[in-house]
Amino acid sequence: MSLDIVILAAGQGTRMRSALPKVLHPVAGNSMLGHVIHSARQLSPVGIHVVIGHGADAVREQLAADDLNFVMQDKQLGTGHAVAQALPALTAETVLILYGDVPLIEVETLQRLLKRVTPEQLGLLTVKLDDPTGYGRIVRDDQHRVCAIVEHKDATDAQKAITEGNTGILAVPASHLQDWLGRLSNNNAQGEYYLTDVIAMAVNDGLVVATEQPHDAMEVQGANDRKQLSELERHYQLREARRLMAAGVTLRDPSRFDVRGEVSVGRDVLIDINVILEGKVIIEDDVVIGPNCVIKDSTLRKGVVVKANSHIDGALLGECSDAGPFARLRPGSVLGAKAHVGNFVELKNANLGEGAKVGHLTYLGDAEVGARTNIGAGTITCNYDGANKHKTTLGADVFIGSNNSLVAPVDILDGATTAAGSTITQNVPAEQLGVARARQRNIEGWKRPVKITKD
C-alpha cells in the first residue's frame, strides 16, 4: 500500500515568544520538525509534504532536501485547510497526517496505525489522559465505536469529562480524503476548518474509525511553550538513556546525560555524568568516558578511555588509546592503538601512530606522528604561515624534547631526537639529535633592577 505523509508545520507558536518558527525549536540537537521528518522517512513513503506558513523561508532553508515537498499555507485557517493545501501533490493510496511540533512519535506506533487502514477503514491515534484539557475528545457510541471528535472549546460539560483525547495523527484512505476536506465547515468557536470533522463524515459515510494508542503519552505531546519544550527534551533524553542501558551501557546518572544525534554502542561501556554525545557517534565495547565530556561525530574503538572534561570532535580513537583529562581532539584527529593524549593537548588533523604519546600542554596540527614517538610538554607545530597550512611529519620512535616549536613543513625521521627548547625549522635525519636554540650565556656582576620608590 503506497503512502503519502503530510506534516503540518505552519503554526506561529506565539507562546514560544521567539522569532524562530515553533517547529524549528530544537529537541536533542535537532529541530522538532526534523525529528518528525526522520520518523516519516523510516516509513518509506512515496512523498513527504510539509505544510509551512509562519517562518516558511527559515523552515525551507534549514530542512531542504530532495525528498521533501514544501506546501505553502498563506493563511492559517485550521488543520483541515492546511491538509487541503497538500491535496494536489498526493498520489498514494493512503495519507498519514503528522504534526511538526510532535517530535517524539515512535515509528512503531505509526506502523501499527497504518495497519488499521483499508479502503473502508481509517486509523486514528488517540491517547488516554489524566487531564485532557485542551485536547479534542473522542466521542464513542454505546457499542464503543468512534462517532466523532469534539474540540475542547466546543465540548459540552459531559464531553469534557471524556479522558480519551485526539492526538490529531490519523491515516486515511486517499480516495475519501478530498471529498471530506471539501465538505468541511468553519462554523465553530474558532472559525477554523477542523481536520477532526472528517471523523464524523467518515462515520456518516459508513467507514469504520479504528483507533490505536501510543505506548507512552509523551509520544504525542506537542510543545507550545518553553516549559513543554523542556519536558520533551528531558523525556527524549531519558528514553535514549534507557535504550543505551538496555544495550549494555552503564550510565552513572541517566538524568545527567544527553544524546543529540545517532549513537551506536557496544557492551560494558561506562559513561559518567554530564556527558554529551552529538552527531554520529560509534562506541565499541569496554569504552570508558569520564565526566563532563563532549563526543561529537567520532568513533571510539574497543577499550578507549576518555578522561574528564575532554572534547572529542570528528576523531577516531583506536583500540585501548586514551585521551584527557582536558584533551581536545578536533576534526581529522586519529589515535592509533594504545596512543596516549594527556591533559591540555589539542590535536587537529593529526594522526598518531600506535603507542605514540603526547603527554601534556601540546598543540599538533596537520601532523603525522609515527609509532612509539614521544612528544614533550609545551610542543607546538607551527603549521600556518598566514596563508597556507603545512604538514609536520615525525617518524617512528622519535623523541621531541619539551618546549619545541616544529615549523612546518618539516620532517623528523625515525629515531631522531630534538633538544628541549628547540625551534626546528629544518629536517632532522634518522637517529640524529636536532638542537636549535641559543647558547646559554651567564653574565657576571649582573644586578636585578631596583623598584623606584616615590617620595
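The backbone N, Cα and C atoms fix where each Cβ goes, and this holds for glycine too.
The acetyl-CoA site recorded in Swiss-Prot comprises ALA377, ASN383, TYR384, ALA420, ARG437 together with one of SER402, SER405, namely SER402.
In this view, the densest Cβ surroundings among the binding-site residues ASP101, GLU151 belong to ASP101, judged by other Cβ atoms lying within 10 Å.
Here is what falls inside 10 Å of the CA of ASP101 (Mg(2+) binding site) among the binding-site residues LEU8, GLY11, GLY78, ALA420: LEU8, GLY11. Counted over every protein chain shown, other Cβ atoms within 10 Å are most numerous around ASN383 among the binding-site residues ASN224, ASN374, ASN383.
The recorded positions shown are HIS360, TYR384, ALA420, ARG437; of these, the one with its CA atom nearest the CA of GLY11 (UDP-N-acetyl-alpha-D-glucosamine binding site) is TYR384.
ALA420 (acetyl-CoA binding site) is surrounded by 15 other CB atoms, counting those within 10 A of its CB over all protein chains shown.
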